[in-house]
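Have a look at the structure below, then the notes.
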Amino acid sequence: MDYNSKTSTGGRNMAGARALWRATGMTDGDFGKPIIAIANSFTQFVPGHVHLKDLGQMVAREIEKAGGVAKEFNTIAVDDGIAMGHSGMLYSLPSRDLIADSVEYMVNAHCADALVCISNCDKITPGMLMAALRLNIPVVFISGGPMEAGKILASTVGKSHNNEDSSGGAIRKLDLVDAMMDAADDSISDEDVAAIEASACPTCGSCSGMFTANSMNCLTEALGLALPGNGSLLATHSLRRELFLEAGRTIVSLAKRRYEQDDDSVLPRSIATKAAFENAMTLDIAMGGSTNTILHLLAAANEAEVDFKMHDIDRLSRGVPCLAKVAPASQKYHMEDVHRAGGVFALLAELDRAGLLNTDLPTIHSATMKEAIDKWDIMNPDNLEARARYIAAPGGVRTTEAFSQSKEWSNLDVNRESGCIRSAQHAYSEDGGLAVLYGNIAERGCVVKTAGVDDSILVFTGRARIFESQDDAVAAVLDDQIVAGDVVIIRFEGPKGGPGMQEMLYPTTYLKSKGLGKECALLTDGRFSGGTSGLSIGHASPEAAEGGAIGLVQEGDTIHIDIPNRTINMQVSDEELAARREEMDSRGRDAWKPVSRDRHVSPALRAYAAMTTSADTGAVRDVSQVER
């Protein structure tokens, strides 16, 4: 079959277009080669992207060596950590759709044949994934890689707010969340807070724990759309250079197979099937990934026209054990430790041994996932290439440069009984790291990262404390108005109600800093940062702005949460709920809106709110809401 690009490069009538292509550097010999789009997300605003500036051209040169033509463009990238806790967070989730659209626009406008996605942080990988599945042309995902964990002498500053002693005897490992928690703890001096702040984020790369960015970059491996090591190999390590070069070679091979051999098995929709989405979700549950991944996998499946819904996630969550507890669930381990233990393919191998994966699926780099697992499982001592890749260690030097160090661990972590990654027989818990809860407060579901919930509060009953903005909830926590036994409810913060479905990292972090991390719960129709832990339940659907029952909860109502049985209910009769709904509906134009909230919402955000949907659908866009 013809290359897509022939539309703009072939025939007499395209002389004008070819003239413009020539002005970009193309020559006679380039017409007829596959044109590969490189979607780079370099920006100096985001540590996960600050090192990407020259990497697109590195991939481009490799594409050209392999017989393709490379054309790079950029997308935006929002740093959720910098946007957190103020009106900037309203823009984070909407940026996902903007990124997806921008990739679609550039690829389709210029008739590109294939796509390399250079992503990294929270909404960029999901946005590019949505675009890739929408476009359905050959694609390779290559992320910028994780940040090294921060490290500081444990005896000198701060204290651990985690579920276990994380000092390791001498060194306390840090990340962004530690800086936030300790800053809110009045018992820690300004000097100590400054020292922690200066140490928490030492290098370029996506934040160092199993937060949203790293979770999503791991899931692209499980979907079969990224190379082994993509989710865990540090941004600073020289071995990551080879992943970028391999991405360039791989995409040309995929493009030629698609167009010259008419092989549709290389297309993203042929790879990211329902079985592949189930594999990705199984991995997500086993590694205790961010709850945001649920939102993004649902949205990606929607773009792929795959029937993958919340009930599938609920079903999977009941049968997958927790095989990894990584920050924020445990400060003992960060992504550098996951990599040392074999990364994503170590987890996939353990899940395969437990009979929990479908491995008869293609990937961009192997005929089947089974073949890939057999090659990249470090538990096989004969897998020398895998063992060499996963020995990559942190450099321990502050830097914003990619590939700037080549340190190695003295040994791999192959301890599947008590190491970072466990076998199913030695799982952290039989119940996985994510769960979907249902009940009269969230009829279409809500989600919780169970890997971060202490066993003592898996079943919790408390009184509702109602807030209609994140800011008001934060103020109440910091003013000591929240006490043990409270269920903090933050509503009208969903995709429509916010708009933009803000992350609630500050409220949960401040609860922990006040010593209430095991004494309170938080429920919202908004969402949580991947850095959140504790009894933090988000994505309540339908959201309050769409008539969800979370909008009917009243101050002092009793809320019962039962994670083992997957339920969440307000202990209010059906009759009382019906009466409350009738009263709410009677408010006319003021119904299902915050009673009093002063928030500027720009036209761009109003447009997003007009078309978005609740979290149980992935907060995807539904243009029928505005079509006439």
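These residue numbers are counts, starting from 1, taken along the chain as shown.
Including glycine, each Cβ sits where the backbone N, Cα and C put it.
For Asp80, Asp122, Lys123, Glu503, the entry in Swiss-Prot reads Mg(2+) binding site. There are 29 other Cβ atoms within 10 Å of the Cβ belonging to Asp80 (Mg(2+) binding site).
Per Swiss-Prot, the feature [2Fe-2S] cluster binding site maps to Cys121, Cys207. Under the three-state DSSP scheme, Cys207 ([2Fe-2S] cluster binding site) falls in the coil class. Within 10 Å of the C-beta of Cys207 ([2Fe-2S] cluster binding site) there are 30 other C-beta atoms, taking all protein chains into account.
Taken from Swiss-Prot, the feature N6-carboxylysine covers Lys123. A coil conformation is recorded for Lys123 (Mg(2+) binding site) in the three-state DSSP classification, outside any helix or strand.
Under the DSSP three-state reduction, Ser529 (active site, proton acceptor) is assigned to coil, being neither helix nor strand. Non-local neighbourhood of Ser529 (active site, proton acceptor): Asp80, Gly81, Met84, Phe211, Thr212, Ser290, Asn292, Glu503, Met504, Leu505, each in the same chain, at least six residues away, with C-beta under 8 Å from its C-beta. Look at Swiss-Prot and you will find Ser529 tagged as active site, proton acceptor.
Taking a C-beta cut-off of under 8 angstroms and a sequence separation of 6 or more, Lys123 (Mg(2+) binding site) has the following same-chain neighbours: Ala77, Val78, Asp80, Ser92, Leu93, Ser95, Arg96, Ile99. Taking the centroid of the Cβ atoms of Asp80, Asp122, Lys123, Glu503 as the Mg(2+) site, the other same-chain residues with Cβ within 8 Å of it are Val78, Ala83, Met89, Ser92, Leu93, Cys121, Thr212, Ala213, Asn292, Ser529.
Separating the Cα atoms of Asp122 (Mg(2+) binding site) and Cys207 ([2Fe-2S] cluster binding site) is a whole-number distance of 10 Å. For Asp122 (Mg(2+) binding site), the number of other Cβ atoms no farther than 10 Å from its own Cβ, over all displayed protein chains, is 34.
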